[in-house]
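**Student:** According to Swiss-Prot, the record shows the following:
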- Leu127, Gly131, His132, Leu133: (6S)-5,6,7,8-tetrahydrofolate binding site (BINDING)
- His235: site 'Plays an important role in substrate specificity' (SITE)
- Lys236: N6-(pyridoxal phosphate)lysine (MOD_RES)
Amino acid sequence: MSASALDAFFGARLADTDPDLFAALEKEFHRQEDGIELIASENIVSAAVLEAQGSVLTNKYAEGYPGKRYYGGCAAVDIAEQLAIDRAKQLFGCEFANVQPHSGAQANGAVFFALAKPGDTILGMSLAAGGHLTHGAAPTVSGKWFNAVQYGVRKEDGLLDYEELEALAREHKPKIIIAGGSAYPRFIDFPRIRKVADEVGAYFMVDMAHFAGLVAAGIYPSPLPHAHVVTTTTHKTLRGPRGGMILTNDLELGKKFNTAVFPGLQGGPLMHVIAAKAVAFGEALKPDFKTYQQSVANNAKVLASTLVERGLAIVSGGTDTHLMLVDLRPKNVTGKATDESLGRAHITTNKNAIPFDPQKPAVTSGIRLGTPAGTSRGFGEAEFREIGLMIDRVVEGLSKAGENGSNEAVEQEVGAEVKALCKRFPLYRNH
């Protein structure tokens, strides 16, 4: 390469080298800054986390674990990964952490790979009741490789049906019992599930991907004293980069999990992401993280109560966490139509099935809402009450217009208010 080509390679900005992609990134930045993000699994990371992810560590291959790599030149990345491991252990008060999984699904897959064989029985919460795809849903690897038995929630109150879980465990004698999910808003009784796991000889696994940040802050009961193994994502409430992690207090199981991650499921770890995990865990160890998580929980309660006041129903009657599942049937609108209408008003949500949903999965009777991203940008209880009223106006307008009618006037009015609110809480000051 010529000197000028090298200068461009190492010094040119993305806006100059790839304007089409740069335009897409700018479009996404303004979508995030000018709109209200209520998807419960999304958050806004710090500038420091972004910096770590965009660092030179993206250039480094590092198969293996700190001090035991299959490549040379790993001294610096060993430091980064060990920081992530040590901080994760300190944050959750556990003896072992594997920070290499590329996602929560990979973390769950590694646990299954370590503890079960194809054809074994696993017991998890059904997707329809608020569980996660990776806990045995039919289209997934866990649903195809294992005999996946599913428990749910009670029809009368939307709360986890512990009696059904216990009966299924005693009947099927699963190898693994899984707790946690993607749309269950209440505390889970971990000691009760561990008791039945011990009774039937099962491993007890908790997927705390959604509420890990609340656990770290002491707001949600920790599963670590009760579960054989805990998995999580590192984004969502934990407010780190997109990735996964495995935690346990059993060092012998930890050895199995290490082998299951590498070489079992993955090759080279993403060292730039692991460095960003270390940054996020360091942030979570600071006192203001607990304040943030308490605000996340308080804001969720305010949002839920505001919606209930306006005639909407919340599955299980409320929330103990950062998320809630809104039952739209009282307004005779679908999750799909509501999600799309809110989106045009610059409020991002996701349509979500409610327990015992009569609608098809692509339509749904509900939407799922969460407060982590809004809280990260500075929204407090007053703002979330305002957001709840905005949502109600969009839903009410949609209800009056009918599924095929136009809600454009309401969407435009609310959209202008959303932009005015967001302007008071800008993102990334140096963008």
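Glycine residues also receive a Cβ, built from the backbone N, Cα and C atoms like all the rest.
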**Student:** When DSSP states are folded down to helix, strand and coil, where does Leu133 ((6S)-5,6,7,8-tetrahydrofolate binding site) land?
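**Tutor:** In three-state terms, Leu133 ((6S)-5,6,7,8-tetrahydrofolate binding site) counts as helix.
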**Student:** Of all the recorded positions given, His132, His235, Lys236, which residue's CB has the most CB neighbours within 10 A?
**Tutor:** Lys236
**Student:** For the (6S)-5,6,7,8-tetrahydrofolate site given as Leu127, Gly131, His132, Leu133, which other residues of the same chain have their Cβ within 8 Å of the site's Cβ centre?
**Tutor:** Gly124, Met125, Ser126, Gly130, Thr134, His135, Gly136, Ala137, Gly181, Ser182
**Student:** If one looks at the chain holding Leu133 ((6S)-5,6,7,8-tetrahydrofolate binding site), which residues at least 6 apart in sequence have a CB under 8 angstroms from its CB?
**Tutor:** Ala105, Leu127, Pro139, Thr140, Ser182
**Student:** Going by DSSP, is Leu127 ((6S)-5,6,7,8-tetrahydrofolate binding site) sitting in a helix, a strand, or coil?
**Tutor:** helix
**Student:** C-alpha of His235 (site 'Plays an important role in substrate specificity') to C-alpha of His132 ((6S)-5,6,7,8-tetrahydrofolate binding site): distance in Å?
**Tutor:** 16
**Student:** If I restrict to non-local contacts, at least six residues apart, and a C-beta distance under 8 angstroms, what lies near Gly131 ((6S)-5,6,7,8-tetrahydrofolate binding site) in its own chain?
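**Tutor:** The answer is Gly124, Met125, Ala137, Gln150, Ile178, Gly180, Gly181, Ser182, Tyr184.
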**Student:** Around the C-beta of Leu127 ((6S)-5,6,7,8-tetrahydrofolate binding site), how many further C-beta atoms are within 10 angstroms, looking at every protein chain?
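**Tutor:** Within a 10 Å radius of the Cβ of Leu127 ((6S)-5,6,7,8-tetrahydrofolate binding site) lie 24 other Cβ atoms.
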**Student:** Whole-number answer please: how many Å between the C-alpha atoms of Lys236 (N6-(pyridoxal phosphate)lysine) and His132 ((6S)-5,6,7,8-tetrahydrofolate binding site)?
**Tutor:** 14
